[in-house]
């Protein structure tokens, strides 16, 4: 059975989390996770750091799929603009690497991982550890990125279940 490697991204203007998983059928295996920390650089340098970080992850791990948290309405317009810029350069790095973009709303991610769209960060972190059989602590932003990747894995598994099997064609009397 083929392995599909997914790179999940939790974008941020100060910290961008990443999570990499392998999917084989219904099995999901942890590969790596972490954070691209952006310190106190000016915004253009932060954006360049995000772009380079994502590009390097793609070069090192060779994912076949890319998933990112979709934009949400933020109370602070300035923060929303910065988050949009961070997402934009992450998406740009993925597209330039030949990956298609898969976006998931925060509520959908929480629903897929925890079972309820209103889950908090601690619940998401806990379920990510359980689903990926991890013992040690996972950084919050990295756990969120792994949750994005897990959500995409569930989406791919659902699509695979909906495809008609080749044998269905023959069983249903379609052979001539």
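Placement of Cβ uses the backbone N, Cα and C atoms for every residue, glycine included.
Positions annotated as Mg(2+) 1 binding site by Swiss-Prot, on the basis of sequence analysis: 10, 141. Feature annotation from Swiss-Prot assigns active site to 10, 69, 141; the stated evidence is sequence analysis. Among the features that Swiss-Prot reports, Mg(2+) 2 binding site is placed at 69.
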Cβ neighbour count within 10 Å of the residue listed as 'Mg(2+) 2 binding site': 25
Cβ neighbour count within 10 Å of residue 10 (Mg(2+) 1 binding site): 26
Length of the line joining the Cα atoms of residue 10 (Mg(2+) 1 binding site) and residue 69 (Mg(2+) 2 binding site), in Å: 6
For residue 141 (Mg(2+) 1 binding site): intrachain residues, at least 6 apart, with Cβ closer than 8 Å: 10, 12, 15, 16, 17, 35
